[in-house]
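Contents: one structure, followed by commentary.
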């Protein structure tokens, strides 16, 4: 089992050293995704008022924001490059935790009819709470993996097939204008009950909405929403250098040992019980009895990441349910009916 490390260990230090800024920062007031300060901050509670915002801006009438900073948050041996991107919104495109923004990359494309049209919208889960990384409501953060394509024959990267939007965002310099839509999404919202246990299962950048959850739960002083439940995060990545926001997570685990649990599934470093690669479903299965009990008692379970994560998880849960004498389909439908089951994959 992956042991939880304190953020001052040699492993954490080496991961910080392995990071670099993708671009020069705009000013000295730049937030960083590498933080071990998980103390509670005061926030502008006016942002707690009103109904949930939804589709405030769209393709025909988008929102123009600016990039504040772009920070690479994966180490040198990660299987890909992921960046934490802080966007200056001035609080004019408010959102709730668990929602997404749309980003329209600059430029045009030729559609199937031969007509030149703007690029389509790409959706990104928001990786900060509604108060942003500075806790003042003036920014929002995105967690973006740079999409590249390597030719299987030559093994070389083909720039013509790289992800247009992800590369635009990861290469952006401070001050770059960004065209946004949204917010959108109702699936991954936090429960109204702040005592409900949260079981969050993520792969890769699917951790983004859960970062918005844990910052709201533990790092913000919101008088009207005091989290008192259990927050249990399962995170699946290839290796230690691919961990995202690990220093923040380790600090939370140290500060809240009775409320925050963290389990990694590192497919290229760990073995499951059968001696094979440790995938996210294998790690969750290690705690299946406890998870089923929590769900029976009102816990909410969230899944976010690439859609390829779900078949393995569903097969595992179905097998465990059968061992417990449960009908899997009926069990899941019951959780959905009580709004305890939240899946957003892409």
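Note: Cβ is positioned from N, Cα and C throughout, glycine not excepted.
Record features, source TrEMBL:
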DOMAIN    60-190  domain 'FAD-binding FR-type'
BINDING   125, 145, 205, 267, 268, 277, 305, 306, 344  NADP(+) binding site
Averaged pLDDT score, the domain 'FAD-binding FR-type' (60-190): 94
For NADP(+), whose listed binding residues are 125, 145, 205, 267, 268, 277, 305, 306, 344, the greatest C-alpha pairwise distance in Å: 28
The domain 'FAD-binding FR-type' (60-190), counted residue by residue under DSSP: helix, strand, coil: 10 helix, 50 strand, 71 coil
